[in-house]
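Quick look at what Swiss-Prot annotates:
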- 136-257: 3',5'-cyclic AMP 1 binding site (BINDING)
- 258-401: 3',5'-cyclic AMP 2 binding site (BINDING)
- 69-85: compositional bias 'Acidic residues' (COMPBIAS)
- Ser2: N-acetylserine (MOD_RES)
- Ser48: phosphoserine (MOD_RES)
- Ser75: phosphoserine (MOD_RES)
- Ser77: phosphoserine (MOD_RES)
- Ser97: phosphoserine (MOD_RES)
- Thr212: phosphothreonine (MOD_RES)
- Ser347: phosphoserine (MOD_RES)
- Ser392: phosphoserine (MOD_RES)
- 2-135: region 'Dimerization and phosphorylation' (REGION)
- 55-85: region 'Disordered' (REGION)
Amino acid sequence: MSHIQIPPGLTELLQGYTVEVLRQQPPDLVDFAVEYFTRLREARRQESDSFIAPPTTFHAQESSGVPVIEEDGESESDSDDEDLEVPIPSKFTRRVSVCAETFNPDEEEDNDPRVVHPKTDEQRCRLQEACKDILLFKNLDQEQLSQVLDAMFEKIVKTDEHVIDQGDDGDNFYVIERGTYDILVTKDNQTRSVGQYDNRGSFGELALMYNTPRAATIVATSDGSLWGLDRVTFRRIIVKNNAKKRKMFESFIESVPLFKSLEMSERMKIVDVIGEKIYKDGERIITQGEKADSFYIIESGEVSILIRSKTKTNKNGGNQEVEIAHCHKGQYFGELALVTNKPRAASAYAVGDVKCLVMDVQAFERLLGPCMDIMKRNISHYEEQLVKMFGSNLDLLDPGQ
């Protein structure tokens, strides 16, 4: 077989698309790809002063009387303000930094040294508070977040100080602890303010993700404090680990018997919408009688399914809970209430530490139609178990009694 040549630019093209998928978590990868590459094509047709896709729309929102820029519609209040597009410089029309390292999310990271900036307990607390609402950190597990916090460093800024300048190479991602900052964009030799940050938020990720020069200038309008994360650590932990987690989810979903009948594209849609939750030993995951909002697949650990007995009482005089099922890795629970549109028929408890993949009810109804017959058959299976346990056919469809 002849050697297959990879066309120049293909790797970078696919990396850019992959990074944007990881950032935005679109529900449909095909539709998102069409939109992404259409924008990219249109951007390349523009003049030399055009800017490359994926264009990121920043929404000006009012917060304490000061407009705050937040990415991709993640707003805290409704606003009719016009969308402000902050241009992202094109790597096809500008020279990319010669010192910016090539990045592939699939490469191994075992030999990558961890960056640690020592912090006092007081600094660590302030950093955790500043980072708690940062969108890019939401999908990190505890270990990944700990690595990020270890690697971040404090930067004190003064009024009128330029934190980053449009056109410069990206070196750090910044999280705002305090202070106000203007966002300035220069185009056609004219500089204008496109928004502000007011004591919260983050900036600087775009240049690190796309290996492009800074898209805007950030100027402090008051004294303040920032937490910085260097480019290498940012890309290694946030981008690469998210890519690896996606692959892990893909592999795990393929191993779940319930999904065997699904097409590959259908399984990939499931991967796009699932989240991950961790439960401690004895922690209650779902509660009998409550409204159902999620479906659970056990990624690791064991889960005990219990139902309140109508004949047995506990030491407090209430209905005693009796185990009717014990679930392991790859098994699922919580589907019954979603299939029947009834309250939870049983409670579920973690046995030891448990990690679950979680899908909300909207995604469940949208994506698991082909699996519905299998799950409905489980209703009769559960009833058989109850007959064996209690000697009667309890009504699973009325669990709140």
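Glycine is treated like the rest: Cβ placed from N, Cα and C.
Sequence features annotated in Swiss-Prot and their locations in the structure.
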residue : record                          : Cβ neighbours (10 Å)
Leu136  : 3',5'-cyclic AMP 1 binding site : 21
Met152  : 3',5'-cyclic AMP 1 binding site : 28
Thr212  : phosphothreonine                : 23
Ala216  : 3',5'-cyclic AMP 1 binding site : 27
Val232  : 3',5'-cyclic AMP 1 binding site : 16
Met248  : 3',5'-cyclic AMP 1 binding site : 13
Leu258  : 3',5'-cyclic AMP 2 binding site : 18
Lys312  : 3',5'-cyclic AMP 2 binding site : 11
Gly330  : 3',5'-cyclic AMP 2 binding site : 14
Arg366  : 3',5'-cyclic AMP 2 binding site : 13
For Asp168 (3',5'-cyclic AMP 1 binding site), the nonlocal same-chain Cβ neighbours (under 8 Å, six or more residues apart) come out as Pro213, Arg214
Might you list, by sequence position, any residue in that chain lying six or more from Leu184 (3',5'-cyclic AMP 1 binding site) with a Cβ less than 8 Å away from its Cβ?
Gln166, Thr191, Arg192, Ser193, Val194, Ala216, Thr217, Ile218, Val219
With Thr212 (phosphothreonine) as the reference Cα, tell me which of the recorded positions Met152, Arg200, Leu258, Ser347 is the closest one.
Met152
Nearest to Leu136 (3',5'-cyclic AMP 1 binding site) by Cα, among Leu258, Glu276, Ala348, Arg366 (binding-site residues)?
Glu276
Given a separation of at least six residues and a C-beta threshold under 8 Å, show me what packs close to Glu276 (3',5'-cyclic AMP 2 binding site) in the same chain.
Asp141, Lys245, Glu299, Lys355, Cys356, Leu357, Val358
Of the recorded positions Met152, Arg200, Ser347, which one has its Cα closest to the Cα of Leu258 (3',5'-cyclic AMP 2 binding site)?
Ser347
Out of Arg200, Val232, Ser294, Lys312, the binding-site residues in the record, which is closest to Ser347 (phosphoserine) when you go by Cα distance?
Ser294
Calculate the distance in Å between the alpha carbons (Cα) of Ser294 (3',5'-cyclic AMP 2 binding site) and Met152 (3',5'-cyclic AMP 1 binding site), and round it to a whole number.
35
Between Met152 (3',5'-cyclic AMP 1 binding site) and Lys312 (3',5'-cyclic AMP 2 binding site), find the distance joining the two CA atoms and give it rounded to the nearest Å.
55
Model confidence over the region 'Dimerization and phosphorylation' (2-135), averaged pLDDT
59
Have a look at the binding-site residues Lys312, Gly330, Ala348, Arg366 and say which one has the shortest Cα distance to Met248 (3',5'-cyclic AMP 1 binding site).
Gly330
About how far apart, in whole Å, are the alpha carbons (Cα) of Lys312 (3',5'-cyclic AMP 2 binding site) and Arg200 (3',5'-cyclic AMP 1 binding site)?
54
